[in-house]
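**Student:** Structure in structure tokens, see below.
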């Protein structure tokens, strides 16, 4: 375990609440907190047993009571950071919590940097980097499904998979080294070794690519699906948004162009976090405010994972509808034929040629379940398993791509009968790329950058 100074930070969300927790970690954690703790009957903290709690008060330099607290003690390495850790349970609230923290710092602790507690857990070998990143994913999870996926990663399932792949890469390198040593000793080379190396590289590349194939689904589970609702004004976009949200979030009127700006909301679609974007229409307009909304709509369409095109079945297709269809036709889309509860007037060969059509009444809710099923079919083949090993982090995906590309390079070298020691350069690069995922191979600056994105107190 590495030697660090003692750090402290508020571990709970800042604001009014029943209880707040101040976390203190480091070799002097107990000694520092003891300086400002007064237990019942004069008891201090120096004789506290690990994994127990003690009731008392926090006091300032004038021996005045700051707050009533319960203090717990976790002895390293059996703690989150693998260091001695003290947690002060005090009353919630900005003033009370900050007052306790200020006195902990006065007593000798340093204010922790964002993510520094988790960083210490990583540097002390308690967790690897992918597990550390999963901690933040647990905190930011928007649905139970994304929570389960993050929990699976935090328990080391992905780490185990990556470590197994690294072992296979090391075995390939050992085989290459064995063959190269034979050549250097002027012994007759074993002609079966290049064949075995090639087979192993192909197998390893296949496993790496299988993980890459999970990345798109994994990213959607972690970050959510970006879905844009688009259509001409008053086609029912806001009504659809409200139907999906089960509340009147958007203004619904008979006046075209009422939604003048982009409206964004999150919904839980059977465990998938979906960021719904209700846009202004994209018609030509002279209204300056509406024109800004139209430009924002086009930006959101270009950024979206899925476009929901709404058409009004109670009206004929017009030029504005055709303009929208032309704009979104090369993207992944679903066509909602809205207002089927009214007399149908929509009839067009253009519409007939569109894919993924669903009849809907946003007003009555008819067709909403069909829409949800279609979304799952398009992105998850109809089923989702958050407990299987999958790649949810873009950094991990990029590292896997580099590993796969280097294994491609190794395979090309083998096919061209290049020297095995040249092939080993590609395999070594693949090994390092895989190591970046768990932190086994990573520059210190990048490690610092990753943990800097964490919240304080974690």
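Backbone N, Cα and C atoms are what each Cβ position is placed from, and that goes for glycine too.
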**Student:** Looking at Swiss-Prot, which one out of 23, 205, 222, 395 binds (6S)-5-formyl-5,6,7,8-tetrahydrofolate in the same site as 87, 126, 458?
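**Tutor:** Looking at 23, 205, 222, 395, the one Swiss-Prot places in the (6S)-5-formyl-5,6,7,8-tetrahydrofolate site next to 87, 126, 458 is 23.
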**Student:** Measuring Cα to Cα, how many Å separate residue 126 ((6S)-5-formyl-5,6,7,8-tetrahydrofolate binding site) from residue 238 (Mg(2+) binding site)?
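**Tutor:** Distance (Cα to Cα, whole Å): 49 Å.
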**Student:** By CA-CA distance, flag whichever of 23, 87, 458 among the binding-site residues is nearest to residue 234 (K(+) binding site).
**Tutor:** 458
**Student:** Determine, using Cα-Cα distances only, which of these binding-site residues is closest to residue 238 (Mg(2+) binding site): 23, 87, 458.
**Tutor:** 458
**Student:** Here are some binding-site residues: 234, 238. Which one has the most Cβ atoms within 10 Å of its Cβ?
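**Tutor:** Answer returned by the neighbour count: 238.
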**Student:** State which of the following binding-site residues has the fewest other Cβ atoms within 10 Å around its Cβ: 23, 126, 237.
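**Tutor:** Sparsest of the binding-site residues 23, 126, 237 by Cβ contacts within 10 Å: 126.
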**Student:** Would you mind pulling the longest C-alpha to C-alpha span across 23, 87, 126, 458, which the record has binding (6S)-5-formyl-5,6,7,8-tetrahydrofolate, in angstrom?
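**Tutor:** So the binding residues stretch over 19 Å, Cα to Cα.
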**Student:** Return the count of C-beta atoms lying within 10 angstroms of the C-beta of residue 458 ((6S)-5-formyl-5,6,7,8-tetrahydrofolate binding site), excluding that atom itself.
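**Tutor:** Looking across every protein chain shown, the total is 21.
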